[in-house]
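What follows is a single structure, written as structure tokens, with notes after it.
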Amino acid sequence: MATTASNHYNLLGSGSSIVHADPGGMQQAQSYRDAQTLVQSDYTLQSNGHPLSHAHQWITALSHGDGAPWATSPLGQQDIKPTVQSSRDELHGSGTLQHQSRAPHLVHPAHGNHHGPGAWRSTGSTHLSSMASSNGQGLLYSQPSFTVNGMINPGSGQGMHHHGLRDSHDDHHGDHGHQQPSQTQQQQQQHSQLQGGHHDHSDEDTPTSDDLEQFAKQFKQRRIKLGFTQADVGLALGTLYGNVFSQTTICRFEALQLSFKNMCKLKPLLNKWLEEADSSSGSPTSIDKIAAQGRKRKKRTSIEVSVKGALESHFLKCPKPAAQEITSLADSLQLEKEVVRVWFCNRRQKEKRMTPPGGTIPGAEDVYGASRDTPPHLGVQTSVQ
């Protein structure tokens, strides 16, 4: 590889007439070799004592010189791994030969006698491009900084002459990187504080499921004791507070069958109604007037067990009594006539639900006008042979 690089530089020097065999040029080369000796001693590795490659020292010398024409080479940005052991052995074996062939090329453009830095840049770029395309291995001149044992540092994608720009660029981005997270953290902290305050406030106002269950139980007991129906409560809420609720909604609230959200909305309204009803108990208030206006049907009458037993015994004798019988029965039981009539209607409907299809209903013989002993659907039974 070193021989190939040397041949290319010999062709380049002969074609471009860059090499001049004048005494001044030889003195410049000699001074360059002395400088290289000093640079080589400065860049000796501390781990194994082997100096860096001559090509890398040449890159370092150019980066600190005045010309520095290789700073804009596109191949200097590439991270190319050479064959470490073979390249290092060849470079150590032929270091003096490369210095003698490359010294005039390196020193000459610094004085600018025939070619300026632009010519060196264009010629060097063309030469390195041709070598990169023809040779399978990477170029030694475009290698970045080496670490121990000649391995390429994976973090150094650029040459050493770009360290200053790269460091300043990293510092600039580092400042922005530190500023952006700090601003983001401040915004997140403010947002979390707002959310935390909101959640604390909502948690204090929102009742738990146990609170709702306890309130529903107390509300039902107080409502029944005060003598109001579920429909009365729904109508009173609509008239007093502007939210009309049906009897079904109040029933589902007492049975804990509403959603948690709807239970939480309905609880404060029912609590206000309950407080007003408790404070006005014993005197006619607006709630009583509203309940009286809203009642389209009578209250449900609760019948005592003894009275219900007397009605049951009379139903077994006559499921459908006449009007005179209903009146006499109501007077004997101290009930309203309408209450007794409704009770017999409901009892007959219950008996229909309890009787299987094709069965008989107690008292049906009276409906059809037959005697109790011989129902119409029962005839003389004959044995089947």
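In case you wondered, yes, glycine gets a Cβ from its N, Cα and C as well.
Between the listed ranges 44-74, 106-136, Swiss-Prot ties the annotation region 'Disordered' to 106-136. According to DSSP, the DNA-binding region (296-355) comprises 42 helix, 0 strand, 18 coil. For the domain 'POU-specific' (204-278), residue counts in helix, strand and coil come to 59 helix, 0 strand, 16 coil, using DSSP.
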